[in-house]
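Okay, so here's the structure we're looking at.
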Amino acid sequence: MSTQTLSSVQAAPAASATPNAPAVGMRSTPDRIRHVLLFELVALAIVIPGGSTLFGLHESSMGVIGVGSAITATVWNYLYNVMFDRIMARLYGTTHKTVGVRMVHTLLFEAGLQIVLLPAIAWYLHESVLTAFSLSMSIAVFYLLYAFVFNMAYDRIFPIPADRPATGTANG
């Protein structure tokens, strides 16, 4: 075996410091924070007045539900997206989400969030879980549609670095 070939073989493992680390572009923590903050602030600007009007709740009550839900969703959003991207990277070698994957991503996100939010909303409104279900499901339907549109737009406006088209000459 030549020295050059041996060096190549020995150098290959060093390229991946962590054996299970995905070798695909992933969003940075600052990018994920920007994503979550933009997502929640725009949603609150829609949910608080819209929910107050649709459900006859005082804006302060809808605000508590909206802000409490947003805080819960913000933490869940970060954790869920990191987990989802890591699973995608391991299973498929990419974090690029097709429309179909984005739909599954959104449905699973909302299902997990509802498991936490539904009892909290019922408790806050002093209503049964069944009564709070209509409010919670209305918010969930809004967020399903909103998350799909927002995330598609976010991916186009702020593409993952590895997904950005190459610029420059053919050589570089």
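Quick reminder: no glycine exception, Cβ is built from N, Cα and C everywhere.
TrEMBL annotations: computationally assigned, not manually curated.
Taken verbatim from TrEMBL:
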- 1-10: compositional bias 'Polar residues' (COMPBIAS)
- 11-23: compositional bias 'Low complexity' (COMPBIAS)
- 27-90: domain 'Chlorhexidine efflux transporter' (DOMAIN)
- 97-159: domain 'Chlorhexidine efflux transporter' (DOMAIN)
- 1-26: region 'Disordered' (REGION)
- 36-57: transmembrane segment (TRANSMEM)
- 63-83: transmembrane segment (TRANSMEM)
- 104-126: transmembrane segment (TRANSMEM)
- 132-154: transmembrane segment (TRANSMEM)
Per-residue pLDDT averaged over the domain 'Chlorhexidine efflux transporter' (27-90), given as an integer: 91
DSSP-assigned states of the domain 'Chlorhexidine efflux transporter' (27-90) in counts, ordered helix, strand, coil: 59 helix, 0 strand, 5 coil
